[in-house]
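Inspection log for the structure reproduced underneath, given as structure tokens.
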Amino acid sequence: MAEEEKIRQTIQELPLLPLRGIIVFPYMVMHLDVGRERSVNAIEEAMAQDRIIFLATQKEAQTDQPGAEDIYQIGVIAEIKQLLKLPGGTIRVLVEGLARAEILEYIDMEPLIRVRVREHIEPDVKSNAVEALMRSLINQFEQYVKISKKIPPETFVSVVAVEDPGRLTDTISSHLTLKTQDKQRILEALDVTERLEILTEILAREMEILELERKINVRVRKQMEKTQKEYYLREQIKAIQKELGEKEDRQAEGEDLRNKIAKAKLPKEVEEKALREVERLEKMPPMVAEATVVRNYLDWLLALPWAKQTKDRLDIDKAEAILNEDHFGLDKVKERIIEYLAIRKLAQKMKGPIICFVGPPGVGKTSLARSIARALERKFVRLSLGGVRDEAEIRGHRRTYVGAMPGRLIQGLRTAGSKNPVFLLDEIDKMSMDFRGDPASALLEVLDPEQNSTFSDHFIEVPFDLSKVLFITTANGMHNIPRPLLDRMEVIYIPGYTEEEKTRIALDHLVPKQLKEHGLKKEQVQISENTVRRLIREYTREAGVRNLEREIASLCRKSARAIVKNPERRLSISAGNLPSYLGIPRFRYGLAEAESQVGVATGLAWTETGGDTLAIEVAHMPGKGNLALTGKLGDVMKESAQASLTYVRSRARELGIADNFHQNTDIHIHVPEGAIPKDGPSAGITIATALTSALSRRPVRREVAMTGEITLRGRVLPVGGIKEKMLAANRAGCTTVILPAENKKDLEEVPANVKKKLRFVLVEHMDQVIREALLEPVPVQAPEPPETIPAAIETSVPVYQGMLEETPPGLQT
């Protein structure tokens, strides 16, 4: 009864996976890719049960739908360890062989092959004969590993550790590269002793073949001399070329290249160079590495637009209409391009100008260059220089380097297919240098109209005329551009947009663009002018319109979501319901300060992103006359604060401040947003005003903003960035701006609609600033003064009032 139960346990019904050209042995782990329908079904059934499957090899690998007669009877019961579904319906499985088994009968053939198999249980065989066979097999396998050099030594170490004879044969067989029939023969040997003998015989035969191969290779290497070797290789190449249908005669390639050179209309110097390279190519053996380099070089020479150029659109009215269609405002830039067209119409051989657009991010520098190319009907090429450190990016690599290529200028011209494109060098101020060279120095030749007609790339090695190219560069600021490079360019500054300009840009360009990109129609979403104005005032604070466009895109996304839910819905986004779409406002529109305060003055600053307001805070307390400066200030700004304090000390009596205040008072000057570096002299009068306010208890008028450099004598010197600062003052809601009298000429650049909203106070001396900016003192109870302060000023209110009733001589008009 026990014997019958044992037999039943070894007989199983399992799904069958037919293998093509692969034999899996017990204890062997292997990846299999399964794609046939019946095979996939077999895998899925095995996974649904206990992951056990039967693996048997087909007699012919080409058979797609094998039957019972097409599959070997002996196979392996295996366990599926992992399963991964690949694109296309293919399944990749990781299987591990468990035991040999024999097919007793086929139960089903569709939708999968299901068989009844009998598992072969390995007997425990231990005898001297088996031990001798095992030792012989291990020695043979060791020699095989040494001769073949295809099996790592670690594998041999793991094989030696196997003590079971059956497992030893299966492990060695799985590592040998044998024919399918030989491996199947080993698999079908159920007797362990017989299996050892078969594998020993096969391994001995394989070693004999390997030894013969080694001897043949050694003998052939010794017999072949250099000339015979070259002849043999040449004959092989000829035979391969003949089989591939290639021409045996290399003169045909040379003739083809000469014809291309003749048609390319190359300059004389370039044509001579190209013909010399063709002659070199014809003399070279066909498969040497240098031949590939020469072919690549000739391909580049012939692909460049030596004589190809587009015809400029010289219709000034049409070009102006295109520029106005793409961009609102930017009159200076448009005027410069129209001037260029006018001169081109009069002087045909004019060299291309080299223009540098400098301005904050988001004002349209890059898109303007693309619009200029469209207006001129020229090709457009853009090269981003941000982060470029290698000179070879500009000049290319010499041909001696592996994988050498021309610089990105030459590559751009090849892409354009024209010798006179509009070539944009974007972010020219973001270049840097390292041990590979300085790309800015390489650009000196490119951006010099007197030199770029003979620009020489390291790879091309012949001059290329860049004088027809209209180079446009862009930068956020000029301080990072090397002075020699800046000297070669015509700088056109593009300032930030006013609120009116932003409104028009949004309504005429950004809103229609975003509606189209989000698949919305104008009738579905209405965005009013007041909505755009609130967007500008309370959700963005920038010189350009990049963030404004992002906010409009956010409105479109939320609108699209609502319309998808209800296609009949029509949305009207007004200034009132804007927070329901974008959340609470991010910025406070209005006065820079909510109320007039003591010791707080509003200055104006210039940054690469446009103008901005700058609050200066001053506090004083009993101490020893120390001055503290915080807010990440630069050296120039620190010196400006020292000069302001010196001015206030020298004018203390006239300003209503105790003469000896500095002896017993510590002063702290702070500029908020301490993580942002700040520098420059233009905050001088603002610091002096805040100091005077704090020490005299006179509040600074909240609607006043100011800019100007101060001297020790109180003179107010001119500063830069006036237009940007006025735009910032207008954005902040200030109504009065104090600025140096010498900056009056710069007000011409301020847009008219901004000038209408601001009152400008032109000053030459600090006394005028104090008179305009400060209010009457705030009557507060002063703290108990130190003993050294004179009794006449121990109480703050009466003393301040008394001192201010008499008009100081410095404040007289």
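Cβ atoms are placed via backbone N, Cα and C, with glycine included.
Model, not experiment: these values are computed from the prediction.
Positions annotated as domain 'Lon N-terminal' by Swiss-Prot, on the basis of sequence analysis: 14-207.
Positions annotated as ATP binding site by Swiss-Prot: Gly359, Pro360, Pro361, Gly362, Val363, Gly364, Lys365, Thr366. Reduced to three states, the DSSP call for Lys365 (ATP binding site) is helix.
Annotation comment: Swiss-Prot describes 595-776 as domain 'Lon proteolytic', evidence class sequence analysis.
A coil conformation is recorded for Ser682 (active site) in the three-state DSSP classification, outside any helix or strand. Summarising the annotation, Swiss-Prot assigns active site to Ser682 (among others).
Secondary structure from DSSP puts Lys725 (active site) in a helix. Positions annotated as active site by Swiss-Prot: Lys725 (among others).
Of the recorded positions Thr366, Ser682, Ser682 has the largest number of other Cβ atoms within 10 Å of its own Cβ. The ATP site is defined by Gly359, Pro360, Pro361, Gly362, Val363, Gly364, Lys365, Thr366, and by the 8 Å test on Cβ atoms against their centroid, the other residues of the chain that qualify are Phe357, Thr474, Asn476, Ile494, Ala543, Gly544, Arg546. Listed in sequence order, His327, Leu330, Ile494, Gly544, Val545 are the same-chain residues at least 6 apart in sequence whose CB falls under 8 Å from the CB of Gly364 (ATP binding site). With the fewest other Cβ atoms inside 10 Å of its Cβ, the least crowded of the recorded positions Lys365, Lys725 in this structure is Lys365. In three-state terms derived from DSSP, Pro360 (ATP binding site) belongs to neither a helical nor a strand segment and is classed as coil. Set side by side, the binding-site residues Gly359, Pro361, Gly362 differ in how many other CB atoms lie within 10 angstroms of their CB, and the most is found at Gly359. With the fewest other Cβ atoms inside 10 Å of its Cβ, the least crowded of the binding-site residues Pro360, Val363 in this structure is Pro360. Val363 (ATP binding site) and Ser682 (active site) have their C-alpha atoms 25 Å apart, to the nearest angstrom.
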